[in-house]
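Written below as structure tokens is the structure these notes are about.
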Amino acid sequence: MKTRIALIAHDKKKDDMIALATEYREFLSGCTLVATGTTGGRLVNEVGLQVDRKHSGPFGGDLQIGSLLVEGMIDCVIFLRDPMTPQPHEPDINALVRACDVHNTPCATNMASAHLVLSQLQLRAQP
Ligand SMILES: O=C(CO)COP(=O)(O)O
């Protein structure tokens, strides 16, 4: 089965997400990807990945991804959060990260941990 990865980035972290996805493009193109709306749009347009786009984060996208995760449909979350900017949907963000902890799902919230998680997943996917 393909690895199912959720990709989410706050506005000031979206360029980092694009750089990350570009670096791991070959691996990610073999995964099943889901993303919040704006992040997903950029991944499609700028990296050429196939992504199931949910609503934008402030409109419930984090909750949609959280729901998928609770249903056992997501193996890993890359969520590049912006710790310096208050978000109107902070409760949704916390709910998603909490759901990762409740269900013991890897959740990388910064570039350093995202690299560790993706490089390890990529290694495991090799024949
Ligand atoms: O706000 C977000 C995550 O909390 C991300 O949403 P967008 O990808 O739509 O910007």
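Heads up, the Cβ atoms here are built off N, Cα and C, so glycines get one too.
Record features, source TrEMBL:
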DOMAIN    1-127  domain 'MGS-like'
BINDING   His10, Lys14, Thr36, Gly37, Thr38, Thr39, Ser56, Gly57, His89  substrate binding site
ACT_SITE  Asp62  active site, proton donor/acceptor
Thr36, Thr38, Ser56 as binding-site residues, winner by CB count within 10 A: Thr36
Cα distance (Å, whole number) from the residue listed as 'active site, proton donor/acceptor' to Ser56 (substrate binding site): 8
Top Cα neighbour of the residue listed as 'active site, proton donor/acceptor' in the set of binding-site residues His10, Thr36, Thr38, His89: Thr36
Largest tally of Cβ atoms lying within 10 Å of a Cβ, found at which of the recorded positions His10, Asp62, His89: Asp62
For Thr38 (substrate binding site), the three-state class that DSSP assigns: helix
The residue listed as 'active site, proton donor/acceptor' in three-state DSSP notation: helix
